[in-house]
Each structure stands twice: as C-alpha cells, then as structure tokens.
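Some notes on the structure that comes next.
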Amino acid sequence: MMQIPFTRIFKVIFVLSTIVAVTDCCSSRILLLREHTLKIVQHQHSHMHEHAHELQQQIQETAVELLNRLELQRKQLEASAQEEADQLHPDTDPNPDSGGQLPNADDSIAADPEQDGIILGSSTDTWLASESSTPITDSETVTTPETVTHTGEPPPDPSSSSTPDSTTPSPNDKETEIQMLPCSEAYNTSFCLNGGHCFQHPMVNNTVFHSCLCVNDYDGERCAYKSWNGDYIYSPPTAQRKVRMAHIVFSFPVLLMLSSLYVLFAAVFMLRNVPDYRRKQQQLHLHKQRFFVRC
C-alpha cells in the first residue's frame with residue numbers, strides 16, 4: 001500500500017495556515033488604520049462645517065443689529081427734521097380777514113340789483129367759454145400720455161420713421177445654438193464632483209470647453225460648492241466607504257479562496273509522486289509473478 005508522508009502534510013498545512021494568519025492580520029491592521037484616518041478626516045470636516053455655521057449665524061445677528069440701529073437713527077433724524085420744520089413754519093392762518101370780508105361782499109351784492117344782472121351775465125359768458133374750451137383741453141390731456149416717452153425726449157416724427165423690418169434686427173439673429181456633448185470617460189469620472197454630469201462644448205480652434213450640470217444644490221464650475229444657509233461653502237466630495245468593502249473582500253471569502261488554493265497546491269504536491277509509486281508497485285508485482293513462474 002501507498003505510504004502517506006503525514007509529516008510533510010503537517011508541515012505544508014502549518015506553513016499555509018501561518019501565511020493565511022499573517023495576511024489576515026496585516027490586512028486587518030491596515031484597514032483599521034485607514035478607517036481611523038477617515039474618521040479623523042470626517043470629524044475635521046464636520047467641525048469645519050459647524051464652525052462655518054456658527055460664523056454665519058454671528059454674521060446674520062450682527063447684520064440684523066446693524067440694520068436696526070440704522071433704522072432707529074433714520075427715525076430719529078426724521079423726527080428731529082420734523083421738529084425743526086415745525087419750529088420754522090408754525091401753523092398760522094394766512095388769511096385771517098377772509099371770513100369777515102365775505103359778509104360785506106354779500107351785503108354789497110344784495111344792495112345793488114343792477115350789479116347782480118351784470119355779474120350773472122358775465123358768469124354765463126365765462127361758463128359758455130369754458131364749456132367750448134373744455135373739449136380742446138380734454139383732447140390735449142388724452143393725447144399727451146401717448147406722446148411723452150419715459151426719457152423725456154420728444155416723440156419721433158412719423159414721417160421720418162422707417163419700417164421696423166429694416167431697422168430693428170430680429171431676435172432670432174442674436175440667438176446662438178450651444179452644443180452640449182457628453183465628455184470622455186476620463187472627464188466623466190474625475191472632472192465633475194459630488195455626482196455632477198459632465199458636458200463638453202466644442203469651441204473655435206479645435207478647443208473643447210468642459211462644464212458640469214450639478215445636482216443636490218451643488219454649484220460651481222466643478223460642483224465643489226454647496227448652499228449653506230444662503231452662502232456657498234466649499235464642500236469636497238465625500239470619501240466613499242471603501243473600508244467596509246475592503247473588510248468584506250479581505251475577510252471570509254478571501255480566506256476561503258486562499259485556503260482552497262493552498263489545498264490545491266498541497267494536493268498537487270502530494271499527488272505528483274503517485275505515478276512513480278504505481279510504477280514501483282507494478283514492477284514489484286511483475287517481479288513476484290516471475291518469481292512464482294520460475295518456482
């Protein structure tokens with residue numbers, strides 16, 4: 001029967017298990033260090049955002065207080081100006097004798113009947129004259145708003161004005177079509193940040209201008225800024241959680257794959273001497289047959 005070298009098998013298993021243990025230990029230590037570093041960086045970013053938020057609140061409070069002070073000063077100035085105007089121009093009756101003169105005029109009119117007829121005739125004449133002149137003034141007031149421009153310039157002469165087709169260019173002449181083409185793979189992966197979509201615009205002299213279509217309230221040439229209480233603050237792209245994926249990759253599946261690979265190598269190492277063993281067994285069997293035949 002075939003003698004299996006158990007000592008060699010144990011040596012191979014020990015060496016392979018040592019390699020697996022060292023590999024797993026080193027990978028775990030590296031991943032823990034990376035995770036700790038990422039946590040420190042994220043803590044620093046969150047601290048910076050909190051500090052920026054506090055500064056923004058302080059700036060808003062200072063601005064509101066300053067506006068209140070300015071409004072109070074303006075009201076005080078208006079009140080003082082009103083008091084000075086009241087002191088310079090006191091309330092007085094400009095025509096104190098007008099009330100006393102009216103009864104005298106009525107008495108004089110009632111005393112002279114001939115003057116009443118003259119006054120009535122003159123009033124009818126003035127009323128007719130005003131009635132005849134009223135349509136003219138109405139027509140003037142109606143046409144005035146149509147001719148006055150916003151700049152105060154006189155209206156243009158209708159005879160000198162030309163057709164609008166010959167003087168004013170059509171708005172379609174000023175419109176230019178902008179081509180938006182998708183970017184190359186290198187720009188798609190690295191140019192636009194925070195999930196932005198990259199586009200390229202062909203320019204003159206065979207040059208290409210790249211732009212980003214931002215999402216999630218990001219702004220900027222490369223979508224690197226985000227609105228924070230009305231202001232745009234630089235917000236770098238968040239690091240992807242590759243540590244968790246690395247933990248999964250370098251844990252049980254990798255160990256299983258390495259173990260299978262090591263077992264395969266051990267099987268190849270152990271079974272490569274099988275043909276020699278079989279050849280020896282066959283030779284021994286033939287030798288026994290010859291011995292029995294001779295006997």
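Note that Cβ sites are derived from N, Cα and C of the backbone, with glycine treated the same way.
As recorded in Swiss-Prot:
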SIGNAL    1-26  signal peptide
TOPO_DOM  27-247  topological domain 'Extracellular'
REGION    78-111  region 'Disordered'
COMPBIAS  124-139  compositional bias 'Polar residues'
REGION    124-175  region 'Disordered'
COMPBIAS  140-152  compositional bias 'Low complexity'
COMPBIAS  159-171  compositional bias 'Low complexity'
DOMAIN    179-224  domain 'EGF-like'
DISULFID  CYS183-CYS198  disulfide bond
DISULFID  CYS192-CYS212  disulfide bond
DISULFID  CYS214-CYS223  disulfide bond
REGION    215-245  region 'Interaction with cni'
TRANSMEM  248-268  transmembrane segment
Taking Cα atoms as reference points, which of the disulfide-bonded residues CYS183, CYS192, CYS198 is nearest to CYS223 (disulfide bond)?
CYS192
Counts by DSSP class (helix H/G/I, strand E/B, coil) across the domain 'EGF-like' (179-224):
9 helix, 16 strand, 21 coil
May I ask for the distance between CYS198 (disulfide bond) and CYS192 (disulfide bond), taken between their Cα atoms and rounded to an integer number of Å?
6
Non-local Cβ contacts of CYS214 (disulfide bond) (under 8 Å, 6 or more apart, same chain)?
CYS192, ASN194, GLY196, GLY220, CYS223
I'd like to know which of these disulfide-bonded residues, CYS192, CYS198, CYS212, CYS223, is least surrounded, judged by other CB atoms within 10 A.
CYS198
Can you give the mean pLDDT for the region 'Interaction with cni' (215-245), rounded to a whole number?
66
